[in-house]
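**Student:** Got a structure for you, questions after.
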């Protein structure tokens, strides 16, 4: 195999039905973990559909089940192996059924997955998503499990076709990998060092999505505001020059996305406080399409714990960023991530976290109980906190944040909010007939359409007046103030989602039949937040 190409074939994704007729094989992708994983799952689905598979109907048994896994939290491990155990007898009763395990846990536990679940057919990692169809066919042909884990990225996942889940909102990856070394996190060792997509390629993908009706994009990266430190090399066929390091690249990217006609909402996740710069705040404030929402992980409010976590910022730095954001964008919603019970966390350390939460007045927070992950420095630290202490602190933190969230949401009662109508995110019952939408600042709003005739569709935009509030959502039970039907709503009504082909990304493309594929065995290279 040459170094310039990763090779794919178009394997025959068919099976025989009960009458002996060849029919397309069905697939299901189950995602565990973060937004990066969810976006990778869209790429896996796109690859499979490109190879001839069709998506299984909800609740119907699939001929292929793919797990895209997470290695950050223990419950993701438990969920994976519990699901695999549940599938074992189903697979035994369905000749030809296949199971594949990919993602961060597969990258980390490459030698363990088959020991614990020998009925798995394919194990692949974070760096070779594009190999999935070939590995499935090789396993089927050889009647043997295939394990292929690469140690470095050859192709950006965004170079692969995608089967998007939504007609109106899309994720767009701007980088992969991470250059930080947080002691609780295993992602850098699984996804590698940061590599940034070239801005022209990102903008081309966003433009293609908008042309298909998408109204909102979320720019994804492990650390979006370090974008520009390591641009990928250009595709040699383009004749483009390599791009120099550019610390202002993320702010420039936000402004450039904001100039794309038809793109109404821009979000991004997640920035790192240590590298958050004033030019990004200015770009957020001056670009109308950028939503007034900042999700910025805190992790702890104690300088001592932040140092132990290797977070490379301190509480005053964090609070200073929030002050600047609120000065420039007074109505911004600010959300965060917090870990409780990190090794060595004292009661004073925890009270420091509560103090930052009080001062920051987060709109909402994702709160987690620390769990040691093998392979991370924190797992071997002394002074691991007893479970009962962690639970008690967790409950105190949640109670405080719930109170702050409710106060924040109540402050919006009586205000007018523009909502992007969403599918599957809220309450809808026979009594209220409510459906749901997301405000520009990201808050979930349950509202009552003027009629139940389906004229308000996912992807449409509506204006409502907020009538009530709860910690995790808002209510708008009055009449609609405005309803704008959109091309995204038209597509949603038709059940149509955008399709994106590979865009030139400055790393080797997947190409068809440019070198010989080994017919069996393990690839020689075998071995996140």
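Cβ coordinates come from backbone N, Cα and C, glycine included.
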**Student:** Have a look through 104, 178 and flag the one Swiss-Prot assigns to the [4Fe-4S] cluster 1 site that 34, 70 belong to.
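**Tutor:** Answer, per Swiss-Prot ([4Fe-4S] cluster 1 site with 34, 70), from 104, 178: 104.
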**Student:** Between 1-21, 43-63, I'd like to know which one Swiss-Prot lists as region 'Disordered'.
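**Tutor:** Checked against Swiss-Prot: region 'Disordered' maps to 1-21.
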**Student:** Pick from 481-504, 505-528: which range does Swiss-Prot record as region 'Disordered'?
**Tutor:** 481-504
**Student:** Neighbour count first, Cβ atoms within 10 Å, every protein chain included; then name which of 70, 104, 178, 182, 185 tops the list of binding-site residues.
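**Tutor:** Within the set of binding-site residues, the most crowded position is 104.
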**Student:** Looking only at DSSP and grouping its letters into three states, which state does residue 182 ([4Fe-4S] cluster 2 binding site) belong to?
**Tutor:** coil
**Student:** Tell me, by DSSP, whether residue 34 ([4Fe-4S] cluster 1 binding site) is helix, strand or coil?
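**Tutor:** Residue 34 ([4Fe-4S] cluster 1 binding site) sits in coil per DSSP, no helix or strand.
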**Student:** Write down the Cα-Cα distance for residue 104 ([4Fe-4S] cluster 1 binding site) and residue 182 ([4Fe-4S] cluster 2 binding site), rounded and given in Å.
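**Tutor:** If we compare the Cα positions of residue 182 ([4Fe-4S] cluster 2 binding site) and residue 104 ([4Fe-4S] cluster 1 binding site), the gap is 16 Å.
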**Student:** Measuring Cα to Cα, how many Å separate residue 185 ([4Fe-4S] cluster 2 binding site) from residue 70 ([4Fe-4S] cluster 1 binding site)?
**Tutor:** 12
